[in-house]
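Feature annotations, reproduced from TrEMBL:
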| type | residues | note |
| --- | --- | --- |
| BINDING | His86, His157, His407 | Zn(2+) binding site |
Amino acid sequence: MSSAHRFDRGHTDDLMTFLAASPSPYHAVAEAAERLEKAGFRQVAETDAWDASAGGKYVLRGGAIIAWFVPEEASAATPFRIVGAHTDSPNLRVKPLPDTGAQGWRQVAVEIYGGTLLNTWLDRDLGLSGRITLRDGSHRLVNVDRPLLRVPQLAIHLDRGVNADGLKLDKQRHMTPIWGLGEVGEGDLISFVAEETGVDAAEIGGWDLMVHSVEAPAYLGRDQELLAGPRMDNLLSVHAGVAALIAASRPGAALTSIPVLAAFDHEENGSQSDTGAEGPLLGNVLERSVFARGGSYEDKARAFAGTVCLSSDTGHAVHPNYSERHEPGHHPMPNGGPILKVNVNQRYATDGSGRAVFAAACERAGVPWQHFVSNNSMPCGTTIGPITAARHGITTVDIGVAILSMHSARELCGADDPHLLASALTAFLEG
Ligand code: ZN
């Protein structure tokens, strides 16, 4: 396919900037908030009383953001149209007592976060990111975005069977990054982070730190029709959702629903947290929005009954070297447009009426789309869609973008697809 000049470079270039600027969920929501602020959205505090005013608003909590746009003509019972996504990606996260080492090497103790493809973290130049919490309760973002750490793979001479027998990695023994040589001192890592962030180490009351690959996202392929980069699962959807919400909220748009972006943390380990999809965050924001506009419980029930959520997350493109693992009749391809994800056992929330909503949005946007369903012999993954549907009783459709190397430290997608997804999401939010 000759796609060299077909795709919207502007959108994909901006996604690359977003990915590089978002090594942690905390950075991703800060980047999203910055783009929303530029478009006229304003942050509202969960601890303040909310008012009935129209316009763009957002709530930030940890690694989650909920943003919505109240049109002038909205009533208390106006339904919502929600784009759902998640901000977290599988990686290695710093343990509470991080300073460790062996044999004269300085190392950092890490936990494995989510369903990480462990081998993809070997022999990469890794930076350190996340947030620190100061004693006064305020947060500072941390981003040491240069080669600092590495998980070195054992040389083949000391592991002769590795290629034939497969690489076996013990999560506790084999994944500890090195970050230098010398004596291990208690408090070394946090002192280093304090210095890098320009704060006094004694002021640090807590931290949430993780490692990231410092290699920049890049176009790939003969015609640069592919995009390689970190955390596309699922920052690709977060970025598209932000772009779609801003596009749908432009002045003069005749909206019959309230467009919403809900980007949650902790999807990769089951969504059970105060910032995860299983928590009350989205429901609280939607309810408070109804009540702030003078709505009753009845108005809230009416609004929720008319609400639809497109939950966008990555899915599997057909792998040329392992095509037998995929469903033979359903082979999503990069640059074929967004995918509709179906699983009758409700690992995905899509049903026939959801399909119709998604197909209509793609048609309005002039965007091609594809079906994804698992091979019956392979267990199917899941996402925030079924949780959102069950938690809030909201009609939910699971969609996304087909990628390769899901949960690798560096994933691969079609360079057209982010823009096609954003166009479909915009048409959906516009109703
Ligand atoms: Zn995901």
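Cβ from N, Cα, C; glycine included.
The secondary structure of His86 (Zn(2+) binding site), as reduced to three states from DSSP, is extended strand. Annotation note: His407 (Zn(2+) binding site) sits in a coil segment as assigned by DSSP. It is His407 that, of the binding-site residues His157, His407, has its Cβ surrounded by the most other Cβ atoms within 10 Å. All protein chains included, His86 (Zn(2+) binding site) registers 29 other Cβ atoms within 10 Å of its own Cβ.
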